[in-house]
Structures are given as structure tokens and as C-alpha cells.
Amino acid sequence: MDYTLTRIDPNGENDRYPLQKQEVVADPLDQQVHRTVYMGKLEHALHDMVNWGRKNSIWPYNFGLSCCYVEMVTSFTAVHDVARFGAEVLRASPRQADLMVVAGTCFTKMAPVIQRLYEQMLEPKWVISMGACANSGGMYDIYSVVQGVDKFLPVDVYIPGCPPRPEAYMQALMLLQESIGKERRPLSWVVGDQGVYRANMQSERERKHGERIAVTNLRTPDEI
């Protein structure tokens, strides 16, 4: 099977993700509530119910690229028990999965394969970039390593670390669940562009900046 990587056109309308069109819009349900209160509230309840089921039944696609995958698999053991978050059903086929975790170093030769696997996943689908190598290439600032998977995939959650601990992966799942709960997707089957609404997620660094800057007494390494 031949794999091809979709090239980015710097002069194009959507130069970052050629396969998707992204724009900043208001929450469509807020507009619906002002038009018809009853139908707006009903649609809001239906979205909440569907999103509740989606965020508590995430099916990850089982594949890994490097050492970060070992930490990801560790979270599936009884010690961490990722089943508490409804994400223990690993799928061997991208057509049965809705979460892709890019765990490890993404080489240039592997990028078209990852992109093809992402295209085979059905909506709704999400992407987690796990580890420094997947986020920005890590220490491999060379021609053969992609400097961040967000160069060719839309990433929902980034996990820092080299490699991140299983607890970091579980926190990323919780952040993804929070984001899924705020999504607005068509409640019926749609062919073509689904017009998905996703709320902006504030980075943890910005969200916890005030709390961290207020700390005056730092813990010793033995207390961490």
C-alpha cells in the first residue's frame, strides 16, 4: 500500500491542517437558546447526554512509536487502573478507535503512516501528543524527525515530559474528557463536514500560573 503525506500550502486558506477547516465561532447552542427556549434547552440536554457517553467511553488506538508508549501501557495496569476513566478498551484497528495517542518520536517516514491511520478513524476522534518528542521533536533536532506531530495532525492535548509518567497520561485523559463535555456535534448522521464546535482549552501553565507564582516555600526532593 502506498502512503502519501499531505503537503502544507503556505499560501493556502488553511495552511496548518489542509484536511480540516478551523475558525473561531460562538457556541451554537447559545444562539439556539435565544431563538427558541424550549427546543434550545432540549437540544442542550441531548448534547450533554451524548457527550457524557462519549467522554466516559474513550477507545484508544493501540500503537506506539518509542519509549513513551511504555509509560502509556503502564497506566493500563492494576496499579493505575485507567479503566476508572472508561479508556481501557484498546482497539487494534483505527476504524474502531476514537482516540489516537502519539507516544514517542515521529520520524519523517512514519508521518504519512500516522496521517493515514488518523484519516481511517471515524468521527468523533481526538489526538493526544505524549512526550517531548511528539510535542516538538524533543532532543532530536534533525532532518529525519518531525518537529511536532501538530505539523500534520490537529492535537487536542499535549503531555510534557521525557518520558511522562502514567499519572500525566491519566491527567491528559481527564482534560480531554472535560473538552469532550463542551463539544457540539451534529446529533444525527452527517455526510461531509460535520461542523464540530470545540471550546478553547487554556493551557495548564497559564491556568496554574497564579497558584505557582504564589508559592514561597519549595518542597525538598524527599517530600515530592
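Yeah, the Cβs are placed from backbone N, Cα and C, and that goes for glycine too.
Taken from Swiss-Prot as is:
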type: BINDING; residues: Cys67, Cys68, Cys133, Cys162; note: [4Fe-4S] cluster binding site
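Residues Cys67, Cys68, Cys133, Cys162 make up the record's [4Fe-4S] cluster site, and a Cβ search at 8 Å around their centroid adds Ser66, Ala103, Gly104, Thr105, Met130, Gly131, Ala132, Ala134, Gly138, Gly161, Pro163, Pro164 from the same chain. Counting only same-chain residues at least 6 apart in sequence, those with a Cβ under 8 Å from the Cβ of Cys162 ([4Fe-4S] cluster binding site) are Gly131, Ala132, Cys133, Gly138, Met139. Cys162 ([4Fe-4S] cluster binding site) carries neither a helix nor a strand DSSP state and counts as coil. Secondary structure at Cys67 ([4Fe-4S] cluster binding site), taken from DSSP and collapsed to helix, strand or coil, is coil. Of the listed binding-site residues Cys67, Cys68, Cys133, the Cβ environment within 10 Å is emptiest of other Cβ atoms at Cys67.
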